[in-house]
Amino acid sequence: MLNGYSSISDLDIQTSNQFLSSLYCQKKSDPGKTRVLDVGAGIGRISKYLLAKHFDKIDLLEQSSKFIEQAKEEILKDCDKLDKCYNVGIQDFKPEDLNIKYDVIWIQWVLMFILDEDIIKFLNLCKQILNKNGIIIIKDNVASGVKNEYDDEDSSVVRSLPQFCLLFSKANLKCVKSEKVTGMPKSLFKIYMFALKPNKDKNSIDL
């Protein structure tokens, strides 16, 4: 959700598209394009304008039943790629079929409402449902300093870059690419994108 900044939607999609496209280098290690999971899908904006252009099947994970219904309507207007809809929060998500694997799991602007321990638990689950070359992409606000910033009004937290790095490390994920989004209004927090893969060698993450 853009929280009153609907004017940046096009730029948001553009930067996401560039980042996602950069992960496909015509190598055997590239992720596939069969199935994607949109986490914290909201009303389906990212699925409709970004993910539907890259993947054959889209699954949604969104705790608001109202948003899920709106997302279905919006996405199905333009394509028939929508498959499964999980009407549950990240904290309670359990895949109904572990044989369903994802080439990309897209997580945008939702982790700020999730506790650290629940994020680690969810990221560990994500590793189990990734395809062989699958990748997790996180796009989120990042605090300017080394400390997290808290908003008592909506109980959200904007994590620092070191805190994101720590979460990835605790989930045994390595960051294969990260990028700071440019061109956004200065009134917004910094926005970063991270591409994560299971860390087989268990070395520390270097962003």
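For all residues, glycine too, the Cβ spot is worked out from N, Cα and C.
Per TrEMBL, the features are:
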type	residues	note
BINDING	Gly40, Arg45, Ile90, Gln91, Gln108	S-adenosyl-L-methionine binding site
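Mapped onto this structure are the features recorded in TrEMBL.
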residue : record                               : contacts (Cβ under 8 Å, 6+ apart)
Gly40   : S-adenosyl-L-methionine binding site : Leu61, Glu62, Ile90, Ile107, Gln108, Trp109, Val110, Leu111
Arg45   : S-adenosyl-L-methionine binding site : Ser9, Glu74
Gln91   : S-adenosyl-L-methionine binding site : Ile114, Leu115, Asp118, Lys121, Phe122
Number of Cβ atoms other than its own within 10 Å, given for Ile90 (S-adenosyl-L-methionine binding site): 24
Neighbouring C-beta atoms (10 Å sphere around the C-beta of Gln108 (S-adenosyl-L-methionine binding site)): 22
Max CA-CA distance, Å, over listed S-adenosyl-L-methionine-binding residues Gly40, Arg45, Ile90, Gln91, Gln108: 22
